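To keep things clear, I will list the structure first and then write my remarks on it.
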Amino acid sequence: MGSGSDTMELQSNRGDDAHVAVSSHYSVYETKYQKSLRHYLTREALPKESNYRNLQSIVDGSSARPTLDELHDSTYHGQQGISSNAQTDDPEDPGKKKGGKVIKFGWLEGVLMRCLLNIWGVMLFLRVSWMVGQAGLWQALSIVISANLVTTITAISMSAVATNGLIEGGGVYYMISRSLGPEFGGSIGLMFTLANSIAVSTYIIGFVNSMQDMLYYYFDGLQIVDGGLNDVRALGTGVLVALMALAIVGMEWVTRVQMGLLFLLIGSQIDFLIGAFVGPLDDESQARGFVGLSAVVFNENMGADYRPVDGQEQGFFSVFAVFFPAVTGIVAGANLSGDLKNPGEAIPKGTLLAIAITLVTYIIYPFLIAATVVRDATGDVEAFQDFIYNNTGYLNGSLTVLDAPTFGLDNCYNPAENITECKFGLTNNFQVMELISAWGPLIYAGCFAATLSSAIASLVGAPRVLQALAKDKLYPGLHIFAKGYGGNNDPIRGYVLVFILSLGCIMIGDLNLVSTLLSNFFLASYSLINFSCFHASLIKSPGWRPAFTYYNQWVSLAGGIMCLAVMFLIDYVTALITFIITVALYLFVSYRKPDVNWGSSTQAATYVSALKATLDLQTVEEHVKNYRPQILVLSGPPSTRPPLVDLGQLITKNISMLSCGHIAQKMDWRQRSVLIKRSNNWLTRHKIRSFYHLVEAEDLEKGALNMFQLVGLGKLKPNMVLLGYKSNWNKCDRADLKAYFNTLHAALNMQLGIAILRVPAGLDYSQIIEDEDAAPPTQPYINGGHTDLADVVDPSLQQQGQLAQDGTGSEASTPPGSPSTERANTVVISAEEAAANAKKKKRRGSLSSLYHGPGGAKLSKDVMNNITIFKRKLKKATIDVWWLYDDGGLTLLLPYILTTRSNWSGCTLRIFALANRKDELDVEQRSMATLLSKFRIDYGDVIVIPDAMRKASESARADFEQSIEEFKTDDETGDGCTLTETELFSQKDKTNRHIRLREMLIENSMEANLIVMTLPMPRKTQVSASLYMAWLDYISKDMPPFLFVRGNQQSVLTFYS
C-alpha cells in the first residue's frame, strides 16, 4: 500500500511527463524518482528515451542519468548529470513553449499530397504530348522511365538518410548537413532557398500565361492591361499577395487549399481520360489532329521524328532535358519535415508512393496520346469535312484518316509565305491535352492547380529551409531568419524575404534561363542526397543505422552520378554555374569553420582516412630524404609558454607533427577534461596545429619518460624533444634539478633528439598573461585606464618550478617584462606592425588581440615583443649555427627550416665549425662549404674556429668557478648534483672548451638574432647535473635567443637524390 501511494504521489506531481508503468509486478522503466529501487537497490538509471535527447557530442549526456563518478565513487557528492548546460537547436529559449495551435501532418497529407501536387506539374499538361510527338512512344517511355529511375534512387537514398535518427525542420538541407557536414549542407541549403524563392515566381508566371491563353481562346482575346508583360506583372503580383496571405494564416489552411487543388488536378486528369476514350466530339477537334483511338495513328507515332525548335535541333537528350523538371518535386514533403508527426515514417512512405502513382500516369498518358493525336495538322475544318464526307477512298475504306489533306507535314505548306508550318498536332500545339479532354476548361483548371500548388509548396518550403540554415549560423547575417512565430514556429521573416525575391522576379516577367538553373539546383541537391547515403554506407560508421534498409550504397552512387549527368545534359552552362556556386559556398563555410558538431559522415571519413594512412605508414621504410622533425614540446599548459610553442610551430608547420606535453599532478577527470579543452582551444585560437597530451606523474622525470614512450601512434610519434632551459637550476630544489637532468638522459635513452631553448626574457608567462579560456576578462583595463601590465605585476611573483602548473619548470633568468635584445643588423617589425600587417592580409585576429593581462589589461610593447618573438616577421636577420659536432645534421637542419618560413625568410645562415688542425683552416673551410653545397643549404658565410682548445682567460675561468662554488663538496661519493674534485679534474678539458666557446660567442655572435649550437653530450656517470647545467648556463647566459640542439646520431641530411 505504501508503494502504491508513493507511486500515485509521483504520478500526480509529474503530470503529463510521467512515464512510469506500474503493474502487479511493479515493472518500473525509470528510477530517478523511485525511492524503493533508487535508495535500496541501485543508483543506476534504467534506459529511457529522455536520456538520449540533444546529444551534441560523445561527451554530452543527460541530466537524469547518474555520472560515472556518482556510480563509481561512494564519496562523490557532485551535481547530478554532466550536461546541465547542453545546447538545443532552438535559438529561442528552449524551455519556453510558444503559444498557438501546433499542427503536425501524417504521411498522407504531409508528404504524399504535396509530392503529387509538385510532380503533377504544368509539364504534365503542356509537354508530355510534345515529348511523344518528338521522341515517339517508345523513346518517350524510355525518357519517362529514366527520369523516374533517377528520382526513385534519390528517394530511396533520402529515405535511408531520413530514417537514420530524428529529422527536424529544414528538409533536404537538414539531411545533407547532418550527413555530409555544414560545408555541403550550407551550400545546398542556401541554393535551395534561392531556387525555391525564384521557383515561386516561375510557377506564378506559368499560371498567368495559362490564364492569358484561356482568356484569349474563350473570351475573345480579353486583356487585363496590354496582354503582355504588364498583364504578367499585374496578375502575378495579385496571386503572390494572395499566396503570401495564405501562408501567413498557417499550415492548416495551406493544407486545405492544397487538398482542394489536388482534387481539381485529379479531376482534370479524369477529364482527359474520358475525352481520350470517348473521342472527338466535333469536326474541329478532328481537323486539329485529335482523331480518337486509332491503331493507324498509334503505329505512326511509335517511332521518333525529331524536328528543330527555334532553330535548335532536337534529340533524345534535349527532349529528356525538357521533360525531367516534371519529376523533380520529390522533396516537397521532405522540406516540411519539421511539420510532420513522424518524418522517418512519412518521408519514405509518402515520397515513394507518390513516385509510383505519378509514374503510372506518366506511362499511361503517352499511350493514349500516341493513339489519338497525329503529329501534324492544319486545323482546316472545311478540308477535313470534305475528305470525311465526300472522299470515295475514305468512304470505301481504301484510305485512312491519315490520308486527310489536313494531316501530315506535306499538307502544311503555305505558298503565300513559302514556309511549311503546322499549327496543330503533337509537335506543334502544347494544348493537346485540352484538345483531347471532354471539357477543355477543366484542363485549364488543372494547369492552374498544378502551377498554384507548386508555387505554394515552394513558398512554404523555402522559408523553412532558410530558418533551419539560420539556426545553424553558417552564414553571417542570416540569424535574423531563425526566429519563428506561433505554435508551429512559422518563419514569418523568411516569408517576407521570399516574397520580396519572388516579386522582383515577377517584375522581370521572363525566366526561361532561371527555370533551367532551378532544375540544376534541385539536381545538385539530389546528387548530394545520393552521395550522403553512399558516403555514410561506405564509411561504415556504427552510427549509420537507418530504419529504411532497402537501399544499396552503389545504387546510391550511381544515382548521384546520374543526377550530375542530367545536370549537364539539361544545359552544361547552367550546370557549370551551379557547380561554381556550390564550390564557392562550400569554400566560404569551410573557411569560416563553424563551431558545429553533427556527427557527419565526413567526420567519420576523416577518422577512417587517418586510421588507414597511419596503418599504411607502418609498412613504409624510413629514409633520410623523408626525415621530418616530429617535435614533442614539454610546454606545460601551452598558454604559459607561448615562445616555446611558437618555435615548435615554426619548425613543424605544414611539414611534420607537433605535440605539446603537459606533466601535472593527480587530478580527477573533470579537471582533466577542462584542462584539455582549454589547451586545445588555446592552440586553435592561436592557429597552432598541435596535439596536446596531459600526463599525470609525481615529477618531471617520470612524466617525461611516460610521454617519451606513449605519445604518438605508429610512425607518427616524436623523434625529438623541445624543452625550455631551466634558468633556476642553481636555486631550485636539488631533486628538481636532478629530475630535469635525468629527463635529458631519458630522451637520449629513447633515441630522441633534444632541443633546449633559452631566450633573454624567459619563457614562462603564466603570471603575466591571462588564458581567455580559463577566465574570460570582464574588465578590459586596470584602475580604469590603459595601464601596462609590466607596471602592475611584480616579475618576482613568478613561481619557480611549479611542476603541476608549469610543466618543465623552465623559467627565465630575466623577468618577462624586460625589453628584448635587438641586434644592430636587424630590422624588426614590432607587434603592432605585425598586427597591422595581419589585418591588411585579412587574417582573423591579430597578435595584440591574442594576449592580455589579468582582467583584460593591455600588455606593454616590450612584453608583447618578448611573447611573440617567434611570430614576428624579421626583414633582415642572422642565424648563427655552431655546428660543433656531427650529430646527424639536426643542428643544421632546424635553422635551415626556419629560413624557409615566411616570417624568417629574410634570415641569413652563418655556419661556425671547429677546425681539426690550425694549419688547415682553408681546407676545412672549403670542405665545409662543399658539404653545405651538396646539402643544398644556402648560407651567408662559413667560419672555421681554429683555437677552440686554447686555454680560456683567467677571468672567464674565475667567473665559471664562482657559478659552481655552492655545488662543490669534499664528499667523493656525490649525489648526482654535487661536484667532487674528481669530477672537476676529469672534466677540466671539457669545462675549458665550454668556457672558450663562450668567449668565441661573445666575439662572433652577440648581434645574431638566434644562435643554434650543438648540445654538449651529457655522458652518464661522468658528469653531474650541476656541472652540466653550469656548462649550458655559462655558454648561453646574456646571449641572444639560444637553441641547443643534439640529434640522435642518425643522419637527417643527405646529398644523394
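Cβ coordinates are placed from backbone N, Cα and C, and glycine is handled just like the others.
Heads up, TrEMBL stuff is auto-annotated, nobody curated it.
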Transmembrane segment range according to TrEMBL, out of 114-134, 261-281, 576-596: 261-281
Interface-richest range of 138-167, 188-212, 492-509, 521-539, 551-569 toward the transmembrane segment (316-338), CB pairs under 8 Å: 138-167
Paired segments the transmembrane segment (232-254) and the transmembrane segment (442-462) in contact, 3+ CB pairs under 8 A: yes
Distal contacts, the transmembrane segment (492-509) - CB-CB under 8 A, six or more residues away: 193-194, 196-198, 200-202, 204-205, 229, 232-233, 236-237, 240, 244, 247-248, 459, 462-464, 466-467, 480-481, 483-485
Surrounding residues of the transmembrane segment (188-212) on its own chain - C-beta under 8 Å, 6+ positions past either end: 122, 170, 172-173, 176-177, 227, 231-232, 235-236, 239-240, 243, 335, 444, 447-448, 451-452, 454-455, 458-459, 461-463, 465-466, 468-469, 474-475, 497-498, 501-506, 509, 511, 514-515, 517-518, 521-522, 524-525, 528, 578, 581-582, 585
Contact ranking winner - 138-167, 350-374, 442-462, 521-539, 551-569 against the transmembrane segment (261-281), Cβ under 8 Å: 442-462
Contacting positions for the transmembrane segment (521-539) when only residues 6+ beyond its ends and CB under 8 Å are counted: 150-151, 153-154, 156-158, 160-161, 164, 172, 175-176, 179-180, 184, 188, 191-192, 194-195, 328, 330-331, 551, 553-554, 556-557, 559-561, 563-564, 566-567, 570, 578-579, 582, 601-602, 604-605, 608
PLDDT averaged over every residue in the domain 'Amino acid permease/ SLC12A' (110-632): 84
